[in-house]
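As annotated by Swiss-Prot, S-adenosyl-L-methionine binding site applies to A35, G36, H37, D55, F84, D105, Q112, with the evidence given as sequence analysis. According to Swiss-Prot, the feature region 'Disordered' maps to 294-318.
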Amino acid sequence: MTEEFRHYTVLLKETVDGLQVKPDGVYVDCTLGGAGHSEYLLTQLNEHGHLYAFDQDQKALAHAKTRLQKYVDKGQVTFIKSNFRNIKEELAEHGVFHVDGILYDLGVSSPQLDEAERGFSYHQDAPLDMRMDQDAPLTAREVVNTYSYSELVKIFFRYGEEKFSKQIAREIERVREKQPIETTGELVEIIKTAIPAPARRKGGHPAKRIFQAIRIAVNDELGAVEESLEQAIDLLAKNGRISVITFHSLEDRIVKTMFKEYSTVQDLPPGIPVVPEEFQPELKVITRKPILPSDSELSENNRSRSAKLRIAEKIKSR
């Protein structure tokens, strides 16, 4: 693996094995990243099986093509540079309308976090960027310097669950009146200034929640997850499975709620003794509680500590 794209794959076996891979099946990795999940899945496919792999990041795609070269040569994998919110449209262009399994790893990949110039990290000084797709127009710099006080407060509360949202937004407003905020380092100092000293000393890095909130806003991450999951459930063939790894409560809530919605029997007209086919739920939830990383995985990769895996199975086609 190239040094610049070294990535630890979280919940590798649990995620892929949870799909109950059929050797001749059609599968989708919506978050290719370092290609760890894709590689493990491809080892379980025969010459009739196929994987479609999505990523917005050109570097991730280039790395994956090298890592998965033997499967590329066999024609078993197709790479798609697109946001996974376009899953249905993109697969339709390849003549694919039903698949046997879909997986999502919703964490920011380690190389993106570690690559200073991408602006995701609050540990390194870099231009305010935070775009997953480097061709996308909206950057963190634009959010920080042009969004109103009330817009910033809403983003920080909603996406970062930050209790000092108002103080931080007010400090951003004060600083940018004098000159634009250009770097992650400047933003970190502003956040530290706005948060009372006792609060800064507990609960991890003081900028963590704000950086998460801005990243989610820049990439419309929650909207993309919701849109994509709706399409993914529709794309699944009967008995097909979906595995989703989340890393914070906002994403996990979306997955949990959607799985519950699609696995619940609809309200029936009174007096019907048997649930008719049209009222049967589409999904069966496989994981009553989310699967968490093992102690051994946590000791190898501290970034996996907040990971949660949920799995569901399609039991009825629309």
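Just so it is clear, glycine is given a Cβ too, placed from its N, Cα and C backbone atoms.
When secondary structure is read from DSSP and collapsed to three states, G36 (S-adenosyl-L-methionine binding site) falls in the helix class. Same-chain residues lying 6 or more positions outside the region 'Disordered' (294-318) and placing a CB less than 8 Å from one of its CB atoms are 8, 10-11, 14-15, 18-19, 107, 110, 233-234, 236-248, 252, 255-256, 259, 262-263, 277, 280-287. When other Cβ atoms within 10 Å of the Cβ of A35 (S-adenosyl-L-methionine binding site) are tallied across all protein chains shown, the result is 29. Taking the Cβ of D55 (S-adenosyl-L-methionine binding site) as reference, residues of its chain lying under 8 Å away and at least six apart in sequence are, in sequence order, T31, L32, G33, L61, A64, F79, I80, K81. Across the region 'Disordered' (294-318), DSSP assigns 11 helix, 7 strand, 7 coil.
Long-range Cβ neighbours of H37 (S-adenosyl-L-methionine binding site) (same chain, at least 6 residues apart, Cβ-Cβ under 8 Å): T9, L12, T15, V16, D29, L103, D105.
Within the same chain, the residues at least 6 positions away from F84 (S-adenosyl-L-methionine binding site) whose Cβ sits under 8 Å from its Cβ are C30, T31, F54, Y104, A224, S228, listed in sequence order. The binding-site residues under consideration are G36, D105. Their Cβ neighbour counts within 10 Å are lowest for G36.
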